[in-house]
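Visitor: Sharing a structure below in structure tokens format, with a few things to ask.
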Amino acid sequence: MAEREVETGPRKRFEQKSDAVFDEIVENCGVMDTEMSEDTDHNLTPTLASMSYGMPNQTGSENSLLDEDDYFLNSGDLAGIPVVSSDNEDEQDCSSKDNLVSSVHTDGSLEVERRAAHQESDNENEIQIQNQLKKDFPKQFDQVSVFKSIRKDFCLVRENSKETFSGKEKNRDLTYHEREKRLDKPHKGLDSRLKSSFFDKAANQVEETLHTHLPQNPETNFRDSSYPFASKESIGSELGNSFASNIRIKEEPLDDEYDRAVAPQQGLLDRVKDEPDNAQEYSHGQQQKTQEGELKISAVFSVSGSPLAPQLTTGFQPSLASPGMNKMLPSVPATAVRVSCSGCKKILQKGQTAYQRKGSTQLFCSTLCLTGYTVPPARPPPPLTKKTCSSCSKDILNPKDVISAQFENSTTSKDFCSQSCLSTYELKKKPIVTINTNSISTKCSMCQKNAVIRHEVNYQNVVHKLCSDACFSKFRSANNLTMNCCENCGGYCYSGSGQCHVLQIEGQSKKFCSSMCVTSYKQKSAKITPCALCKSLRSSAEMIENTNSLGKTELFCSVNCLSAYRVKMVTSAGVQVQCNSCKTSAIPQYHLAMSDGSIRNFCSYSCVVAFQNLFNKPTGMNSSVVPLSQGQVIVSIPTGSSASAGGGSTPAVSPTSINSSAAAGLQRLAAQSQHVGFARSVVKLRCQHCNRLFATKPELLDYKGKMFQFCGKNCCDEYKKINNVMAMCEYCKIEKIIKETVRFSGADKSFCSEGCKLLYKHDLGKRWGSHCKMCSYCLQTSPKLIQNNLGGKVEDFCCEECMSKYTVLFYQMAKCDGCKRQGKLSESLKWRGDIKHFCNLLCILMFCHQQTVCDPPLQNNAVASISMVQAASAGPPSLRKDSTPVIANVVSLASAPAAQPTANTNSVLQGAVPTVTAKIIGDASTQTDALKLPPSQPPRLLKNKALLCKPITQTKATSCKPHTQNKECQTDTPSEPQVMVVPVPVPVFVPIPLHLYTQYTPVPFGIPVPMPVPMFIPSSMDNDEKATEGIEDIKEKLATHPFEADLLEMAEMIAEDEEKEKTLSQGESQTSEQELFLDTKIFEKDQGSTYSGDLESEAVSTPHSWEEELNHYALKSNAVQDADSELKPFSKGETEQDLEADFPSESFDPLNKGQGIQARSRTRRRHRDGFPQPRRRGRKKSVVPVEPRSLIQGALQGCSVSGMTLKYMYGVNAWKNWVQWKNAKDEQGDLKCGGGELASASPCSDSLGSAQDHALSQESSEQGCKARSVKLKEDILSCTFSELSLGLCQFIQEVRRPNGEKYDPDSILYLCLGIQQYLFENGRIDNIFTEPYSRFMIELTKLLKIWEPTILPNGYMFSRIEEEHLWECKQLGAYSPIVLLNTLLFFNTKYFQLRNVTEHLKLSFAHVMRRTRTLKYSTKMTYLRFFPPLQKPESEPDKVTIGKRKRNEDDEAPVGVEMAENTDNPLRCPVRLYEFYLSKCSESVKQRSDVFYLQPERSCVPNSPMWYSTFPIDPGTLDTMLTRILMVREVHEELAKAKSEDSDAELSD
């Protein structure tokens, strides 16, 4: 017995000094803990079970607040413990570490299984301990595998837990006595082993505690990383009973007072309140627990952990089995939980700001990591996120557009992309019932189909039967019926079936077909809407919906207003409602507003107390205090009266008992209501100009470091003008009044007008190239461009920072610059160069008001604190003395308030348990309603103890705004020596034009002296007299032709403007007069509707010095093309390849020209009726007016209708394909005109036979051209004059269609016209139909001579050449002398019906006269009349004039034809062009009767008064021009029409 006592004594001393053991193990196991965290093997299984003997109830409820049948942790256990969220919150497991019990036991078999396990473990542990003592102690310590952790996570479900804390204590006491008996029974040989066994158990507990604080991965469950007992299997189970022999344990003198102070007070632990877990437990309640101090914490969030965690662990240390082991062991200092950034994996330091996305659990160190993690730059979207519409089977790209619906027959929900698809699917699902009434089917009034009728509409006394919703919608649209239509989707609202939803917004009732449409309408409109109760303004998307008894949905700004509104509705109705406590039907006298906005009605205050006791049941004391959780307010309604809660007033309340906490709750409600009313009051700003108050978005002006606010744009502009708000314009460099200030690359630029701003942006675009035109976040222009796809839209940003901030703003994680709340920010404002974002208009007004007021306004927290202090002071004295202040109006991170008990463990420092305190960390809110605990003993002096002391820290931000004041001061400049002016007489004679002297003074006098000045007058006169007469004629002509003076003046103005523009541009030389004449762009201005000299400006090119000028411009074009290869890209080159395939003769629709033909025919008849009919037998030709092309094809050049515009890319592509084929065929790459090497074939010559190639070669060799080697170029603009001339000569002979067939002659002319237009479009002045290209014209004339117009089956003539094509490629007009001649030849052929050269040579100036006739309504018409010369009887029979009626020998006179003017387009008017032609001819030829077409001068300028010589034009040149004109379809139509009229007249005669 003495030996047993000797062994037991050291064991007790060891157990009493276990705190020193824990301290030393922490220091020596740091390296082990690190290695253990790195090498974790999850596949190991526990092999040692020796730890089940010494501490069988080690994880009892005092240790971890867990029972064997109840594994759900109380929220009080986790209060203050840092939470590390996992990636998937829905799959979080509540795991527990337990080294004894590995299975869940039921309530009935718990004690039996425990006893059996202890008996079996006693026998096994005795054998294992004996074997363990035989082994070497240091050798076991060297095993590396003992440091590998085994963690098994399992989900603990707490659903059937009904055991109270008192019941748990009884089980613990029973287990404790049984364990005491078993500990006293061991024989003497077990004492030493007990000491070793306990040593190992303590070491395992320390290792288990250290392992829980190791850094965890983001995927680890938060209970694994934060709670010390989160693992099912103990790590120490593999450690065994061995430690290193060199571990030294520090021994200190015993201190019983310290152990007594460390031990938790049993009375306080017995009164810990359980936290309700779910709605079922919350409604049924829990068993009673006494409570002395209650602490309600909504949520605590911290990055580096909470200081309450180690205190909580210390306060709940389990008591050991034996009396000697019943001392409380101090907890090991918890290792700081290391939280890592999910983006860059960096460890977040304590106090560092962390970012978290709404709805996600991942933490980030910065916004760059946040945006980079969520939106990877090259990460494709997962294919699993796409959903398919169940109706149309299309992919729904935007998740917000998904409409989920569940039908009766299926358990799964269906996804739809729109409401129409949902309706269509519902129609398909419904069974089709065919109703046969006397075998007659009913026809739908809309679609005219026989179907089942679903709608019958009585409209205008007619019943319309409709078969479907689609037909019903079409019927409503056709008749403009808008009854019962959904405001969101436009569908029909079936009000009779109760499916119609009514939303009361802005004083109007809007109807919706479903609740989804109501929500969608709120999100889309997002209007500022007043609350239905307090009338405070707020965005409709943020308000709370409530449907009243009438079915209308109203909007409320907060849960408080919704609760007050429901109380008002219940009390104002005066109906009996079932009490939520006693279930009796009576008029409610008390209402309890819950945190979710719902209302609980009670008939008496006792029912209120009974209802709250379901959640908080105090025992052992009769307290009159009813603790209120956050969000609960008791409203008392006096008997026989009702509370009014309209407008912004609060409902009338009266506390039943002055000593109850209901009075304090009502005081808090009143304080909160007053604060909300103050914060929601509309703030008005004062306009800086008109001094009026306004509540709209202000117009801001940043000038000289000050911000000026205006009510509108007009006031801002007027203020700038009055106060001379001027700055240097960034574009025009002139100091003017600022119109707008724009930010470019971080610098503000001022502009005087919108034009200057646009021009400056245009210049920047040329310099920068691809740049950010407008940053989506900071609204500035920057040369750097960063794009990101957000919400299906590509946004532009100027830098990474702006993209990061915009992403935070897009995902509604940014905070408002006004109210500092996080959420959707729909308003923005530019303030001092920065963009501020706000929730709504109220926040903008509040922000601007705060900036204008000198003293900063009180913050929300300060107002709330003041209100709550006043509320607390208004209560009874006893209540103020016993309770702590309540912190209100703080945004909570928890979804619902939860009352979480806790125990203060600072008794070691103070020696007594103080009142419960509150701690605010970050954005968390803490509310404390507690009673004063009984007084404790005075603190005692402690001796040499290391305590875990962590002060409660609080971060406080103070906003200090300095008072700014402007004061003008002046610094005196250093004084300079004063300069004294001393007059010194100087003997200088100064002549003064005054009569001060007696002698005469010379005065300058001007005498006009004639000086001869040489002048060069262009004239072809032979002698001086004729020259003088020519000068007089020119003077008279200029005086009598004012329109020509206008032409010359317009040409001079255009030349002067061009000179000024070239002078302003740097590096450009003056434009000479010859360059002005040759530059096409100078004169290609917009052609107006008046004459005003535009004909003169069209005169661009002349035939003088053609070869030199064309080579010069060809070389210049080559340089331009090399510098800018993208001058004219082949935009349509891929499509415009085969002209005849795209425009076949079969597709010609003569109806497209019907309008013009009818107009011409009517005009001809009208003019014929207006002319007096001659009495002679020969009928006079009617007037042929010019076809008003502008009415059909547009007034501007090149803007014709499809099918009427010249597609010049056909010619360019044909040239390109031909050159490619030519270069590929000829190895030398030389173009040889003539000889045997001119083998012609098509680009697709592979489909042709060798016989065709040989025939083409023979045909080309017969041309007789001199062989010249020319390198062909695909780009026609790069060809010189000679290359282009020879190339075109060969091109028209060898070009083929893509299928290898030859082009028709009209198609070849079409291709050549396209090439001509392409040259003009790109700045080349070459006219390929003039004398320098004579060889090409000869070959083209030969080719066109064999062409005859195609007669279609309907009788119309077909040709691909139209009149508009000649106007577009500048072959008609007044651009040059030869073009003007070609235009007159065209008009004479078309309207005078002159078909050959012989008939045209009969024209003369004497036979063509300009006449004017007055028509109806006093309108005048100018026309040209041509009188053909008399036919001589001896004229040869083969020279009969075609197109004119054959006359008998007794005819009196030939018939005169007329050509009317074109008033719609003066530039295409035949009369004006003829007058312009006369002005450019010599006076000597204007009365000649033998000539009409004159030879152009070799050298002339546009300002020259004469373009033509006195000699007639060569008949060969005239024939070449006429051949091309006869290819025009409109000419053949006019000739055919005139021929038919002549034949009709002959038949009538």
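From the backbone N, Cα and C atoms, a Cβ is placed for every residue, glycine too.
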Visitor: May I ask you to indicate which of 464-499, 896-931, 968-1003, 1472-1507 is given in Swiss-Prot as zinc finger?
Guide: 464-499
Visitor: Out of S121, S959, S1092, report back the residue that Swiss-Prot marks as phosphoserine.
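Guide: S121, according to Swiss-Prot.
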Visitor: Looking at the candidate ranges 708-742, 1373-1407, report the one that Swiss-Prot labels zinc finger.
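Guide: Matching range for zinc finger: 708-742.
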Visitor: From the ranges 600-631, 1208-1239, 1304-1335, grab the one Swiss-Prot calls zinc finger.
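Guide: Checked against Swiss-Prot: zinc finger maps to 600-631.
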Visitor: Report, as numbers and ranges, every residue of the chain located at least six residues beyond the zinc finger (795-829) whose Cβ falls under 8 Å of a Cβ in that stretch; write 'none' if there are none.
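Guide: For the zinc finger (795-829), the sequence-distant neighbours (Cβ-Cβ under 8 Å, at least 6 residues beyond its ends) are 355, 357-358, 367-368, 370-371, 374-375, 526, 539, 541-542, 697, 700, 772-778, 780-782, 784-789, 835-844, 846-848, 860, 891.
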Visitor: Using the alpha carbons only, what distance in Å do you get between S1540 (phosphoserine) and K400 (SUMO2 cross-link) once rounded?
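Guide: On Cα coordinates alone, these residues lie 71 Å apart.
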Visitor: Per DSSP, what is the residue tally for the zinc finger (749-788) in helix, strand and coil?
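Guide: Going by DSSP assignments, the zinc finger (749-788) contains 15 helix, 9 strand, 16 coil.
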Visitor: Around the Cβ of K400 (SUMO2 cross-link), how many other Cβ atoms lie within 10 Å? Please give the count over every shown protein chain.
Guide: 8
Visitor: Using DSSP, would you call S1540 (phosphoserine) helix, strand or coil?
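Guide: Assignment for S1540 (phosphoserine) reads helix.
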Visitor: When the pLDDT values for the zinc finger (708-742) are averaged, what is the result?
Guide: 86
